[in-house]
Amino acid sequence: MSHRKFSAPRHGSLGFLPRKRSSRHRGKVKSFPKDDPSKPVHLTAFLGYKAGMTHIVREVDRPGSKVNKKEVVEAVTIVETPPMVVVGIVGYVETPRGLRTFKTVFAEHISDECKRRFYKNWHKSKKKAFTKYCKKWQDEDGKKQLEKDFSSMKKYCQVIRVIAHTQMRLLPLRQKKAHLMEIQVNGGTVAEKLDWARERLEQQVPVNQVFGQDEMIDVIGVTKGKGYKGVTSRWHTKKLPRKTHRGLRKVACIGAWHPARVAFSVARAGQKGYHHRTEINKKIYKIGQGYLIKDGKLIKNNASTDYDLSDKSINPLGGFVHYGEVTNDFVMLKGCVVGTKKRVLTLRKSLLVQTKRRALEKIDLKFIDTTSKFGHGRFQTMEEKKAFMGPLKKDRIAKEEGA
């Protein structure tokens, strides 16, 4: 029998088995940060949509490092995060077998984009979701029952979470069905949490009330789907020599004769991508404000810095490729994040106490690149492009036709 002479580490991790398509499109938070009653009441997660990537220039503040006080260029991802709307409150009690839902209370008014989430086919449905439930808020018996529910939640619950949804109409996406999730409320006593949640029923919660500048967060999402792939692409096994009979992008030995089965740990072809993943420790470089109207003027300069005073928005020329324009609040994260453009991402507060110097470093952005991401962009703004190009033929023709 021939065998290889040396052993080697296995290719690919078995920690992510089974490598199959994710059952859910929205990233699921499997554990929220530990509660600390001494802190003020706050939310622990938020939903955003991946718009695209660009790069920034910043000055490093790391005394003792070779790049201290020097400029570095870094890749960043823009995640659009319009305000989320709170539409419900859920109380949990702790049992020996984990958390159990105790009571769920929904708001009186729920928007259609949220109701769509409860239907497979909104167009053909009667659109009756929550019509009976909202009457609770209008008659006296219903109000008494709701007050009773809230008081029993204060008495018995240990964990309070809010049900919040995204606002799809604010985004440049075709989808109308909002994404809905439970977000844990941390900080303060249970009574304070419940009062905080009640005040915000049917209200919008912006991203800057959840996360702060220079904070380290975790990003949960589903990766880009790649379809059915061979073993070399999927597990990064070594290609066999050129003269190998019946193909070389294969595994040479898939196991012994007996046991007469292929072990689960052997690399095989199959689905690659569209897997649920959690990436920890993504640093927030900037929490940007969306377009706003001030004194009758539309303010767009959310990509200006103290060093680059040009009046420009975060959108590159021509918008983000395969996404469009970011007009709402956004979060700028260092490096890349999972998923394709338009993918919904769950941003969660870090589960760990951050102590490393890089995590606590203050970020001082000098420049944000807004050149076109479709080809080799060279202009930061349309004004800069027009000044360089001069009068164009199409402008002259349009002027002549207008005259």
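Think of each number as a place in line: the chain as shown, counted from 1.
Placement of Cβ uses the backbone N, Cα and C atoms for every residue, glycine included.
Fair warning: this is a prediction, and the values are worked out from it, not measured in the lab.
Swiss-Prot annotations:
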type	residues	note
COMPBIAS	18-31	compositional bias 'Basic residues'
CROSSLNK	Lys39	SUMO2 cross-link
CROSSLNK	Lys224	SUMO2 cross-link
CROSSLNK	Lys226	SUMO2 cross-link
CROSSLNK	Lys286	SUMO2 cross-link
CROSSLNK	Lys294	SUMO1 cross-link
CROSSLNK	Lys366	SUMO2 cross-link
CROSSLNK	Lys386	SUMO2 cross-link
CROSSLNK	Lys393	SUMO2 cross-link
CROSSLNK	Lys399	SUMO2 cross-link
MOD_RES	Ser13	phosphoserine
MOD_RES	Lys136	N6-acetyllysine
MOD_RES	His245	tele-methylhistidine
MOD_RES	Lys286	N6-acetyllysine
MOD_RES	Lys294	N6-acetyllysine
MOD_RES	Ser304	phosphoserine
MOD_RES	Lys366	N6-acetyllysine
MOD_RES	Lys373	N6-acetyllysine
REGION	1-37	region 'Disordered'
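Sequence features, as recorded in Swiss-Prot, placed on the structure.
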residue : record           : contacts (Cβ under 8 Å, 6+ apart)
Lys39   : SUMO2 cross-link : Asn186, Gly187, Gly188
Lys224  : SUMO2 cross-link : Gly273, Tyr274, Val338, Gly339, Thr340
Lys226  : SUMO2 cross-link : Ser233, Lys272, Gly273, Tyr274
Lys286  : SUMO2 cross-link : Gln213, Val331, Met332, Ile363, Leu365, Ile368
Lys294  : SUMO1 cross-link : none
Ser304  : phosphoserine    : Ser310, Asp311, Lys312
Lys366  : SUMO2 cross-link : Ile56, Val57, Arg58, Glu59, Glu71, Thr305, Asp306, Tyr307, Asp308
Lys373  : N6-acetyllysine  : Gly52, Met53, Thr54, Pro316, Gly318, Phe320, Val321
Lys386  : SUMO2 cross-link : none
Lys399  : SUMO2 cross-link : none
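Working note on the modified residues Ser13, Lys136, His245: by count of other C-beta atoms within 10 Å of each C-beta, Lys136 ranks first. According to its DSSP assignment, Lys226 (SUMO2 cross-link) is in a strand. Helix, strand and coil content of the compositional bias 'Basic residues' (18-31), in residues and according to DSSP, is 0 helix, 0 strand, 14 coil.
For Lys393 (SUMO2 cross-link), the nearest neighbour among the modified residues Ser13, Lys136, His245, judged by Cα separation, is Ser13. Annotated pair Lys136 (N6-acetyllysine) and His245 (tele-methylhistidine), C-alpha to C-alpha distance, rounded: 73 Å. For the residue listed as 'tele-methylhistidine' paired with Ser13 (phosphoserine), the C-alpha to C-alpha distance reads 28 Å.
Secondary structure at Lys286 (SUMO2 cross-link), taken from DSSP and collapsed to helix, strand or coil, is strand. Lys136 (N6-acetyllysine) carries a helical DSSP state (H, G or I). In this structure, Lys39 (SUMO2 cross-link) belongs to neither helix nor strand by DSSP; it is coil. Using a 10 Å Cβ-Cβ cutoff, Lys393 (SUMO2 cross-link) registers 7 neighbours.
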